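If you check TrEMBL, you get these features:
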| type | residues | note |
| --- | --- | --- |
| DOMAIN | 1-180 | domain 'Formyl transferase N-terminal' |
| BINDING | GLY11, THR12, ASN13 | N(1)-(5-phospho-beta-D-ribosyl)glycinamide binding site |
| BINDING | ARG57, ASN100 | (6R)-10-formyltetrahydrofolate binding site |
| ACT_SITE | HIS102 | active site, proton donor |
| SITE | ASP143 | site 'Raises pKa of active site His' |
Amino acid sequence: MNLIIFASGTGTNAAAIIEWFKANGKARVSLIVCNKPGAGVLNIAEREGIPVMMIDRHTFDDDATVAALRAHAPALIILAGYLWKIPPALTQAFPDRIINIHPALLPSYGGKGMYGGNVHTAVIAAGETHSGITIHYVNEEYDKGNVILQAHCNVLPGDTPGALAKRIHKLEHYYFPRTIEFLLDNMEA
Ligand code: GRF
């Protein structure tokens, strides 16, 4: 089974997913889609010999992108630190096949502007005592698709956004590959 990962950050989640499925052989990451030249995830793709498709807001073409993705017959398209809103052409072409991970407990701290360190800064500023991760389906509304899994962690007194991000990353690296495997194991053909 093929997996496609969309990522535009450092790619630690992408790396965790690649490693997990290399070890159990149930699927393989056949393509990484990236919109950020120089992103860390590109080094991971190169190291692992995984093809990369760069996309650009100005030249993005719905039909060509859907066709390029379809050529991989992906069991799932996984957004792992991907910052653009997915265009409706993609959610329509791959219904219930696109999932995202968000570094907070949706519906709180979701929506525009809430990504990466911004989320953790907002969580700490609000005095929350816990945060967590949300793995969810992607539909046309940003951060609003059905939730697949949430996992919680504490926000500790004196936490910085960086310290909280580390705790969140641990949850993500543990639960994201396992959740993907669960979905693959229970997928209608
Ligand atoms: C993760 O925290 C994810 O939840 C968010 O972006 C971050 C990506 O981190 N959407 P990485 O690039 O996988 O290290």
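Every residue gets a Cβ built from N, Cα and C, even glycine.
Sequence features, as recorded in TrEMBL, placed on the structure.
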{"residue": "GLY11", "record": "N(1)-(5-phospho-beta-D-ribosyl)glycinamide binding site", "Cβ neighbours (10 Å)": "23"}
{"residue": "THR12", "record": "N(1)-(5-phospho-beta-D-ribosyl)glycinamide binding site", "Cβ neighbours (10 Å)": "17"}
{"residue": "ASN13", "record": "N(1)-(5-phospho-beta-D-ribosyl)glycinamide binding site", "Cβ neighbours (10 Å)": "24"}
{"residue": "ARG57", "record": "(6R)-10-formyltetrahydrofolate binding site", "Cβ neighbours (10 Å)": "7"}
{"residue": "ASN100", "record": "(6R)-10-formyltetrahydrofolate binding site", "Cβ neighbours (10 Å)": "22"}
{"residue": "HIS102", "record": "active site, proton donor", "Cβ neighbours (10 Å)": "23"}
{"residue": "ASP143", "record": "site 'Raises pKa of active site His'", "Cβ neighbours (10 Å)": "20"}
Whole-number answer please: how many Å between the C-alpha atoms of THR12 (N(1)-(5-phospho-beta-D-ribosyl)glycinamide binding site) and ARG57 ((6R)-10-formyltetrahydrofolate binding site)? 24
Quick one: which of the recorded positions (ASN13, ARG57, ASP143) have their CB closer than 6 Å to ligand 1? ASN13
Can you tell me the CA-to-CA distance separating ASN13 (N(1)-(5-phospho-beta-D-ribosyl)glycinamide binding site) and ASN100 ((6R)-10-formyltetrahydrofolate binding site), as a whole number of Å? 11
Centre the Cβ atoms of GLY11, THR12, ASN13, go out 8 Å, and tell me which other residues of that chain have a Cβ in range of the N(1)-(5-phospho-beta-D-ribosyl)glycinamide site. ALA7, GLY9, THR10, ALA14, ALA15, ALA16, GLY40, VAL41, ILE44, ALA80, GLY81, HIS173
Work out how many Å separate ARG57 ((6R)-10-formyltetrahydrofolate binding site) and GLY11 (N(1)-(5-phospho-beta-D-ribosyl)glycinamide binding site) at their Cα atoms, rounded off. 20
In the three-state DSSP scheme, THR12 (N(1)-(5-phospho-beta-D-ribosyl)glycinamide binding site) belongs to helix
One should report the C-alpha separation between the residue listed as 'active site, proton donor' and GLY11 (N(1)-(5-phospho-beta-D-ribosyl)glycinamide binding site), rounded to whole angstrom, as 14
Kindly assign ARG57 ((6R)-10-formyltetrahydrofolate binding site) to one of the three DSSP-derived states: helix, strand or coil. coil
Per-residue pLDDT averaged over the domain 'Formyl transferase N-terminal' (1-180), given as an integer: 95
